[in-house]
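Structure provided below as structure tokens; questions to follow.
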């Protein structure tokens, strides 16, 4: 909101400087973005009158003018196209100083003496008009200093308002704030009701009362829109960053800036029948005032006549019904449109207007009649004309209402940290226009006026007290809390530590949506019934995920498409399994891996990551809480995973996750041209383990035996290792599979497994007989249980 300081001070004028006023507004939550002077720095410029003009004898585009300053006549050479006898203009006399340190001196132009300069608005930095002289009113007092006449010792102040403070999008609203801040009376202009001098009306029918609870219209006949807008109004509009167009538009803009109520003037001759406030028909066409043709949607509120739409309600009028210089009769509109009906409509059509800006933030629903009378009075004063009666349609049941709010002094003290005297609380709230009634000692009932639609709770009133009292006066108290240390189970690993573990292994954390495309749901969980949203953000975010894999794989695609060849990502979040009546929301930890095993470097190769690399990462996660031995990896089946590279992860017989390569068919469908590995774990299972136990380091030597075993190809390495552990005795300290071989020299139905076993006794040296006996027991058990024999 941009406004003229002098305009504001015409309503309320505390005895403070501009700088202090600006600082106080900012401290009260009305942040001032900029302060711009109304004109440049100049002196020696007065109101002049052109008495006569003659053609320059030696220049086609120059005129020799006789100009009066009220006491003397001066010869001035001027090239402005609009210079003419009788015109009153800014006259810079000899010795004047214009913006940019430009001093006016006596000069000769093409041999003709010139004693001064006739000025445009741009030359005084008092506007943008640079195509001709600045034309002053016919009654401008000749000889008066132009700064005083145009009140140019002024500034435009721009305030950046938060969306909840739509009540301050007017001079009246800002004046209320300033009056409350400085405990100064606000002087409103006297707005008298305009009596009707004819009885012509246009019937008004509101077919969408919820969207338009109040609509006022008035016929004003015989206006003369060729009359210029008064300079004082043009200047106030300019300093509010609004361009002057014609008298009717300028007046509606002026009243909107002054009171905060948007208005619109229609050309009465272009209205067929009466006014209908209705929802648009789907695809209905309307050419707007800016020349843009829009195809209206059915959710758009329009002002229409009996044949066609005339305007988008609260946004912009139509071109064919807009007023022009030839308009003689107008229909003036002043209405209250519900915020919901206007919100977002301007943006959806690529528009943003002063009217939509206000309606989206809220307009006082009691203001429409006062604004109508104000605009009517100004129209009759400036353009002439005859006013008819006001037609008003009101749906009381759809008008907003604000319930009284109870305020407690104890709550004020609790939230602000200081005691404000009861009398001061009442004074501050009353200054805002709130009706305060004492209910008990330290408790009030506050009636909120219609212009403060942002106040509905006790905390809103306390916020107002803090603003008016002064945020800088509130005591500084640092928060205090008695924090007891929280016990942490030693056998439990928390999520932040798991995140750090995966980051240390080269992963990056991803955060994806819980909503996925139903098509992706079917790809990763074929046959399962998705949990669909009733009101999805978009069609491709309509299902709740049953796995974290779709989001991670989509993120992988995004990275691969941007030449990121080595991708390792993990995510923690909820998966949603089942339907509403039995919905299970389960925290999961998942990852996706693709690309080379190691980052590019001179000392390592470019081998691609494989199943066992990812399995090592998963084992690091499973072993984080000290319970790796409780988990087993068994061949598994999953519709999204490769049938030969899938591991089902179990703990005590419970399924806790899956690990594997993306199924080749799924990879082809998703356009993945390289192996992609994924894992997913139930977070609760991998976060709990066993208490660590201390084992004293033995001072005695280790004994190692390496065994090369032959086993059937369908026997898993883990089954072999389990049998070895069962028979290796209590002094086994390490068991490691270090080679697997299938091929030449081996039965095609068999495979070779090389394992290393290490024993160490805590209190003595083991001898070969003991180790050999244990080794024999291991081999015997392997042969009996798994048909695994020692390779010879």
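Backbone N, Cα and C atoms are what each Cβ position is placed from, and that goes for glycine too.
Below are the features I grabbed from Swiss-Prot:
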{"type": "BINDING", "residues": "454, 460, 463, 464", "note": "Mg(2+) binding site"}
{"type": "DOMAIN", "residues": "39-147", "note": "domain 'tRNA-binding'"}
{"type": "DOMAIN", "residues": "400-476", "note": "domain 'B5'"}
{"type": "DOMAIN", "residues": "698-791", "note": "domain 'FDX-ACB'"}
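Neighbours and distances for these, please.
Reduced to three states, the DSSP call for residue 464 (Mg(2+) binding site) is helix.
Break the domain 'B5' (400-476) down by DSSP state and the numbers are 33 helix, 15 strand, 29 coil.
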Compute the centroid of the Cβ atoms of 454, 460, 463, 464, then list the same-chain residues not in that set whose Cβ lies within 8 Å of it, in sequence order, for the Mg(2+) site.
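So the extra residues in range turn out to be 452, 455, 457, 459, 461, 462, 467.
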Are there residues of the same chain, six or more positions away from residue 464 (Mg(2+) binding site), whose CB falls under 8 angstroms from its CB, and which are they?
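Residue 464 (Mg(2+) binding site) has long-range Cβ partners 428, 429, 432, 455.
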